[in-house]
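Quick look at what Swiss-Prot lists:
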- HIS145: active site, proton donor/acceptor (ACT_SITE)
- LYS149: active site, proton donor (ACT_SITE)
- GLY9, PHE10, LYS11, GLY12, ARG13, MET14, GLY89, THR90, THR91, ALA115, PRO116, ASN117, PHE118: NAD(+) binding site (BINDING)
- HIS146, GLY155, THR156: (S)-2,3,4,5-tetrahydrodipicolinate binding site (BINDING)
Amino acid sequence: MSIKVIVAGFKGRMGSTAVEMVKGDDELTLAALLDPFAAEKEVDGVPVFTDKADLVGFDADVWVDFTIPAVAYENTHFALENGFAPVVGTTGFTEAQIQKLTDLSKDKSIGGLIAPNFAIGAILLMKFAAEASKYFPDLEIIELHHDKKKDAPSGTAVKTAELIREVRESKRQGAEDEMETLAGARGAEFDGFRIHSVRLPGLVAHQEVIFGAQGEGLTLRHDSYDRISFMSGVNLGIKEVVKRDQLVYGLEHLL
C-alpha cells in the first residue's frame, strides 16, 4: 500500500526537492501540499493548503516538514496530534521541545523523525567524529552553509557536538587566559570546545570537524553540493516512521 505524504513548506528549496522525490517513488503518494504563501489551489492535481487547520481529518500517513524554525515545533505537534507521522528537516528545536514531542509521540503511538541532516555522508561524519573524539579530545567544529540559512549554528553541528559530548571527557580547550580582542572571534562554546558558523552565497551544506594533538591533526569533512543529497535520507525516513511507535531525533537511529 502506498504511503500518503503531506509536504509542508513545498515552495522552499528543500520542500520542492522533497516533492519531486515523493512523486518519483512508486511506493509514495503525494497527498497534499502546505505553504502559507501559496497562491495556487492545486499542483498537478494535488491539493494545496495555506492553513494547516484545514488538514484536520485529512487522509495521509506522513507529514514532511521543511518550513522555518519559528513554526516547525507547532507543525510537528500538530502532525502528531492529528495522526500524521512527522519527518522533519527543519532545524532550531530545543532539547526541551524534542523531549515534549517524543513524549507526545509515545502517548499517540506514532512514529516520527526529526533530523538535523538527511545526507547519509553527514550521518557518517557525526559517527566518525564522536569516535575520534575519544582519542582526540581537542577539537573544533566548522559548519558552512548558504547565506539564506536562518539559524546558527546548524542543527547538524549541534547534533555532532551532542554526540561528541556523550563520549568525550569534558574539558575546556585553549589558553586559560585566552582573551577575545574582537567579540565572538572564538565562536560559540559547547562543552569546552568551539563551534563556528560560516554563511556565504554559493554554498549548500558543509561541515568539518578538526582534531588536534601533539604533533598531529585529523580533519573530517562532509560536503553536500546539491539538495538531492538529502533525499535518500528523507525517503528512508518516510518509509521507516510508519513502522514505528515513537519519534526519534537523528537519522542514525533508523540506519
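From the backbone N, Cα and C atoms, a Cβ is placed for every residue, glycine too.
Positions of Swiss-Prot features highlighted on the structure.
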{"residue": "GLY9", "record": "NAD(+) binding site", "Cβ neighbours (10 Å)": "25"}
{"residue": "LYS11", "record": "NAD(+) binding site", "Cβ neighbours (10 Å)": "19"}
{"residue": "GLY89", "record": "NAD(+) binding site", "Cβ neighbours (10 Å)": "25"}
{"residue": "THR91", "record": "NAD(+) binding site", "Cβ neighbours (10 Å)": "23"}
{"residue": "PRO116", "record": "NAD(+) binding site", "Cβ neighbours (10 Å)": "24"}
{"residue": "PHE118", "record": "NAD(+) binding site", "Cβ neighbours (10 Å)": "26"}
{"residue": "HIS146", "record": "(S)-2,3,4,5-tetrahydrodipicolinate binding site", "Cβ neighbours (10 Å)": "14"}
{"residue": "LYS149", "record": "active site, proton donor", "Cβ neighbours (10 Å)": "16"}
{"residue": "GLY155", "record": "(S)-2,3,4,5-tetrahydrodipicolinate binding site", "Cβ neighbours (10 Å)": "21"}
{"residue": "THR156", "record": "(S)-2,3,4,5-tetrahydrodipicolinate binding site", "Cβ neighbours (10 Å)": "26"}
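Considering only the recorded positions HIS145, HIS146, LYS149, GLY155, GLY89 (NAD(+) binding site) has GLY155 as its nearest partner by CA-CA distance.
When the Cα atoms are compared, PHE118 (NAD(+) binding site) and LYS149 (active site, proton donor) turn out to be 16 Å apart.
Under the three-state DSSP scheme, HIS146 ((S)-2,3,4,5-tetrahydrodipicolinate binding site) falls in the coil class.
Other Cβ atoms within 10 Å of the Cβ of HIS145 (active site, proton donor/acceptor), summed over all protein chains shown, number 23.
Here the Cα atom of THR91 (NAD(+) binding site) is found 10 Å from that of LYS149 (active site, proton donor). Other C-beta atoms found within 10 angstroms of the C-beta of ARG13 (NAD(+) binding site) number 13, with every protein chain shown included. The secondary structure of LYS11 (NAD(+) binding site), as reduced to three states from DSSP, is coil rather than helix or strand. Comparing HIS145 (active site, proton donor/acceptor) with THR156 ((S)-2,3,4,5-tetrahydrodipicolinate binding site), their Cα atoms are 11 Å apart once rounded. Between the C-alpha atoms of GLY155 ((S)-2,3,4,5-tetrahydrodipicolinate binding site) and LYS149 (active site, proton donor), the distance comes to 11 Å. Using a 10 angstroms CA-CA radius around THR156 ((S)-2,3,4,5-tetrahydrodipicolinate binding site), the recorded positions that qualify from GLY9, LYS11, PRO116, LYS149 are PRO116.
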